[in-house]
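Structure first, then comments.
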Ligand code: SAH
Ligand code: SF4
Ligand code: F3S
């Protein structure tokens, strides 16, 4: 490294986020120099895999890359391509390896190109080993705990010819107030907590996202106030188990209390949240959901399995009966609520009888939509060590039967709004037909109707004219 540059780096302030702003400025100088050499502006592309948390993290990456002077492009031929990865199922990992393979060819053609990898997959040491060995052309690797340090890591990657790797095992830090570039002007995710303490037996998230940490309510409120003054109308509160929010704060606050505080903010028109763990869903929360029209009529309540025996083995801390009782309670308090869920098929030891219990819950609850997953063995989780893995063909057959059932039920369920007028927040112009716009109802169902770009980010009263299974065609009233 140049002596001059080293001296500069040594002057970086210790405290955060000032340190990252310092590095962003330095990165900007380096990017400018590179851009002069290339005789064109340098571009970037952030590719996101996985859940809403990752989507929100990616907005932070974009904010920093823009601060460093890169120009956004949606092409993987960009000068800086970064994959924000997911590892919840093996498929997610395979996708990343596949795409890295093709990036290699792109990089060979572009001497300015850099490749970064971050997110949940990078928290697994065997993944990092594999990348070092099989994908040595990658320039930067970091994990979920030090994403706030991206500006600093970017500088190291810009000045180093070899791969820069910085992955932490865990952290108790939450660094606030870094730049963010939101994907939508009118809605935004807001992290209320990080990590997970539940250790469901099949799940890798607690290992790659670390222990549960809640943000202070004041920080959350002030972020939302800022978002509202920027034009945001809908917030999605994010956490792996939002129902356990606030338990470990110095002055504990419940999730229901937090929701009430947010509902009181003028300008916030819609509040969503994800994800609710059934074991921690309180009566207080159910009451609050019924009380505030701003809180969307939608609850994602992952079931995972309908068999109490499997649920016990999964370490979920509820039985089939408790789950069904909870659903009844919610429906009494919030009539017409849209319930959605996640289900895993083929968990080790799942018998036909266990699977029938899952089908039974699906028929009883009648979800508006269900995300169905085939069990995927994750190294290091307790379930991966189980011997009774279910044969692939049996899993496939159960998966198809479940899918058929949930599709039939959800089409019938969604249809219940046909002919009504609903408030829709317009999200964008329809990709297939530019004479239409697309928006969401409070229950998260999509509606397409005639309109134009000027409607984006506004609420419209829309008459639902035809139901197409999981979405509607409508007309503005
Ligand atoms: N925190 C959320 C879920 C995060 S992961 C919750 O507790 O509900 C999202 C979904 O992925 C889970 O609900 C589960 O259905 C699924 N999932 C997690 N690990 C999995 C695995 N090993 N195989 C298949 N699906 C899995
Ligand atoms: Fe995984 Fe369970 Fe935590 Fe959800 S609650 S992230 S499924 S361990
Ligand atoms: Fe995937 Fe990490 Fe989310 S593993 S589901 S991106 S928390």
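Cβ coordinates are placed from backbone N, Cα and C, and glycine is handled just like the others.
Heads up, TrEMBL stuff is auto-annotated, nobody curated it.
Predicted, not measured: the structure shown is a model, and the values here were computed from it.
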Inset, instruction - Taking TrEMBL at its word that 51, 120 bind [4Fe-4S] cluster 1, choose the one of 86, 196 listed for that site. - result: 86
Legend entry - Remaining residues near the recorded [4Fe-4S] cluster 1 site, that is with C-beta within 8 Å of the centroid of the site residues 51, 86, 120: 49, 50, 53, 54, 85, 87, 88, 92, 119, 121, 205, 208
Inset, instruction - From the binding-site residues 196, 200, 203, pick the residue whose C-alpha lies nearest to the C-alpha of residue 86 ([4Fe-4S] cluster 1 binding site). - result: 203
Legend entry - Non-site residues, in chain order, whose CB comes within 8 A of the mean position of the CB atoms of 196, 200, 203 at [4Fe-4S] cluster 2: 198, 199, 202, 204, 205, 206, 240
Inset, instruction - For the binding-site residues 120, 200, work out the Cβ neighbour count at 10 Å and name the residue with the minimum. - result: 200
Legend entry - Model confidence over the domain 'Radical SAM core' (182-412) (mean pLDDT, whole number): 97
